Amino acid sequence: MKMNHHYGELKASYLFVDIAHKVAAYQEAHPEKEIIRLGIGDVTQPLAKCVVTAMQDAAAEMGTKEGFHGYGPEQGYPFLKQAIQGYYAGRGTQLAEDEIFISDGAKSDLANVLGLFDVDNTVLVPDPVYPTYVDDNVTDGRKIIYGRTSQENGFLGMPDDSVKADIIYICSPNNPTGAAYTREQLKAWVDYAKKNNAVILYDAAYECFITDPALARSIFEVEGARECAIEICSFSKIAGFTGTRCGYTIVPHELEREGMNLNKLWLRRQTTKFNGVPYVVQRAAAAVFTESGMAEIQANLDYYRQNARVIADALDECGVWYCGGKNSPYIWLRCPGGMKSWEFFDWLLENCGVVGTPGVGFGECGEGYFRLTAFGDAEKTKVAAQRIKAAIQTL
Ligand code: PLP
């Protein structure tokens, strides 16, 4: 028996455990203080009413002889794939129905899609970034190169011809930096991928936050992307499905490597290793794209956008550099007073009773930076922003 020893190479992730310990210790020492959490990446607004109704109706249907659904198509029901097709077509991106695969969320597909590629491929991951990309490849034993980003390039890495990568991760709008690529910038990545015979794994989990028309909502808005990219998206942030679980992956027909068609491979993979997303969940997800669903969902997104604005305004007033917050729920700020990420965490907790996430927890290039999120309660976010402004102004 031989075990997968690559699991032993994973760096232990103490980030959120350390945060929880520090917050608990602070609360115990100061039971009278109200702590405001602006560190969470989870949504807080409830599901839209029409989503709940669709879920209830589907559940009732399942309890009838005529409406019962057993195993569904592994790649998702046509009604949901067609709704996603419409969502993309509405912004000018044409997809074939069989290029869309429904999943139980982006995190699963981000890991599962790697099964299409040999372990002897080099992976390019931006730093800082959503830590899952790194861990998924460490456990497979792939070589990882980090694309370092910084304030100078607005935390948006661009291709470097001296670097040879086979699998390229792009997360736009990025978690944790909130930075998002324009179509022109993404075109440079598409050109690089085609030149290097590489495949881009494009994580669009936060596309719904984009309002700036210069920014891409999908990699498939870029010419040539259909020959070199897979897009992974989620209902988690657009519609609060973090606990309901639904996502989708788009594998274009044109994507081929070594004579193998990736759409056909992914279909084979899904039909072999996956038995689909629950019917009730897919009905709930389809309701997101109805007229009333879209209106309700926009109201939730606007709630988070307003929170982001409140935090950004406070930082503007005290001259703190940040990116994100405009087309993203994340605000990525430079720690004031030259503080390091954890130093600022302690300072913020001590002086403001506010909890955020130290940037260094997302990669070395995050040292000296800090992530605040707009997913909190609006009133509490206002209080937190006031406290942060007042405290930073004393520095
Ligand atoms: N991708 C990014 C960049 C994320 O930040 C997250 C969750 O926070 C996910 C994917 C996971 O999405 P899902 O809930 O669909 O698994």
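Heads up, the Cβ atoms here are built off N, Cα and C, so glycines get one too.
TrEMBL names Tyr71, Ala106, Lys107, Asn175, Tyr206, Ser234, Phe235, Ser236, Arg245, Asn275 for binding pyridoxal 5'-phosphate. Of Tyr88, Tyr130, Tyr133, Tyr303, the residue it gives for the same site is Tyr130. Using a 10 Å radius centred on the Cβ of Ser236 (pyridoxal 5'-phosphate binding site) and all shown protein chains, the other Cβ atoms total 22. By the rule that a residue counts when its Cβ sits under 6 Å from some atom of ligand 1, the binding-site residues Tyr14, Tyr71, Ser236, Arg371 yield Ser236. Ranked by CA distance from Tyr71 (pyridoxal 5'-phosphate binding site), the recorded positions Tyr130, Lys237, Asn275 have Asn275 at the top as the closest. Distance from the CA of Ser236 (pyridoxal 5'-phosphate binding site) to the CA of Lys107 (substrate binding site) is 10 Å.
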